[in-house]
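Pulled from TrEMBL:
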- 134-560: domain 'Anoctamin transmembrane' (DOMAIN)
- 142-171: transmembrane segment (TRANSMEM)
- 177-195: transmembrane segment (TRANSMEM)
- 248-271: transmembrane segment (TRANSMEM)
- 291-311: transmembrane segment (TRANSMEM)
- 334-355: transmembrane segment (TRANSMEM)
- 435-458: transmembrane segment (TRANSMEM)
- 525-547: transmembrane segment (TRANSMEM)
Amino acid sequence: MKVTLSALDTHESSFTPLVVIELAQDVKEETKEWLKNRIISRKKDGDDNDDFLTMAERQFIIKHELESLRARDEKMIPGYPQAKLYPGKSLLRRLLTSGIVIQVFPLHDNEALKKLEDTWYTRFTVKYQPIDSIRGYFGETIALYFGFLEYFTFALIPVAVLGLPYYLFVWENYDKYVVFASFNLIWSTVILEVWKRGCASMTYRWGTLVMKRQFEEPRPGYHGVLGINSVTGREEPLYPSYKRQLRIYLVSLPFVCLCLYFSLFVMMIYFDMEAWALDLHENSRSEWTSILLYVPSIIYAIVIEIMNRLYRYAAEFLTSWENHRLESAYQNHLILKVLVFNFLNCFASLFYIAFVLRDMKLLRQSLATLLITSQIFNQIVESLLPYWLQKKQHVKVKKKVQALKADIDATLYEQVVLEKEMGTYLGTFDDYLELFLQFGYVSLFSCVYPLAAAFAVLNNLTEVNSDALKMCRVFKRPFSEPSASIGVWQLAFETMSVISVVTNCALIGMSPQVNALFPESKADLILIVVAVEHALLALKFILAFAIPDKPRHIQMKLARLEFESLEALKQQQMKHVAENLKEDWREGGKEEAP
């Protein structure tokens, strides 16, 4: 029996496979030939120096070229008349949706991966992550996530250190949370501003700090009538913006509002369960009823996680259906939809308990249950379960390769078969979302439950290793993506920071300590709390303005780079003008000659 893989049929001994395209088993030969010719026709002459580009960068270039393949005059995919095409349609997307191409993924570099693992997560010690090595292997987007995860974990330590003695000595005394809430206000602002400076230093070192998004090419899923872009002059699909706006405001927005209403309905069911458990405990006063008090919160936390994941699928479908031209616009609209729902789903009950019921004991209990349950649930679903399934699949592949008596490179064959069965990493969205919700739990209400930051630190210490494990051994290697920052997530965290100012000021105003200062006039108390809240918001924005987003030395280097670019352009223009004058002089001399 002879097994052939396109990557193995090459006669070049130095050939290194970069990307795998898995076709369906019954794909017709004319389809294979057509696809191969379309790919080859995009090939450009380039530098063969392997040191010029990293493997991640070369894989990104291949992905970009594949996604840039669009139909021109073809009406259908050769051999598959049912797979219709029209000018501008993404060929790769049509091949995937038609089932002709099963998947496209980059291969791991086992030698480089082993070196990365040895310095990253195989030794369970508290240390800095090799961010530059992560960037070299996985690209800037994933490196920035792990950089932010590491930074956020260290930033949580002061809150955790302050929260531990606070928790131990004033556990039931909610009069004392004024100092802790005040500390949260400053902390949540400063850490985000300092992160922007560190992020700018990293991306400048990587060469991605200055990225021109206005010239970003259309995303693969974007469709429309093939035309000419009036800015770039390139041929690409065109789609009227008013159609997209109609889809957003007439379909997506009502759907999101309906989901928010359903989330509030589930929340009220949770409070009914809490009231039932409390009544049962007051009537019985047994150990079982004491445990039962935590059951509604645990059930609600699990329901929240399930609702968040179901809503995520619906949000992805709607955002794709809206047909955004740029990948950045697609991500922004998707993140906005998911964040609004997740914020309401995860924090609405806490706001209700804090400001409607004003039950600080129940608030502490609910916050602790939501935080700890969500962390355990995410660790199981995101890392442990996929790792267990992947290990079982690895055993099956090894048995299959050992039983195969074929004249092929069994090591490479085993790698391809094993990796094609791995799960697909869907990006950093879920990872950032987990950190965003964690930041919300800590910044909004941790003054009531000071251990929130300590639990977040413990979770993130294990999160670093579990996320590293899933990137290296559980999921397929993702295509690298260049990034200048964490994108719209920076705005999301800053928005949460603003909400935390309002929340903590309201909690301070509700504290018995502050209320004792205004025993007769509650109106004066409200006015003072609002005035303090506005003053703190003003201070927050002053701090954000006073702390530069880029360090001084980075600003100087960028200014020097821009100056040198302008000087080079000026020299090029002067050279071009001189050559034109010289050419005109020569032609004039010829015309005057007898």
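Glycine residues also receive a Cβ, built from the backbone N, Cα and C atoms like all the rest.
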Counting only residues at least 6 beyond its ends, the same-chain positions whose CB falls under 8 A of a CB in the transmembrane segment (525-547) are 185, 189-190, 193-194, 197, 494, 497-498, 501-502, 505-506, 508-509, 514-515, 517-518
The transmembrane segment (142-171) versus listed stretches 177-195, 248-271, 291-311, 334-355, 435-458: most Cβ pairs under 8 Å: 435-458
Cβ under 8 Å to the transmembrane segment (248-271), counting only same-chain residues 6 or more beyond its ends: which ones? 296-297, 299-300, 303, 307, 311, 314-315, 318-319, 321-322, 333, 337, 340-341, 344-345, 348-349, 352
With Cβ distances under 8 Å as the criterion, find the stretch in 177-195, 334-355, 435-458 that has the most pairs with the transmembrane segment (291-311). 334-355
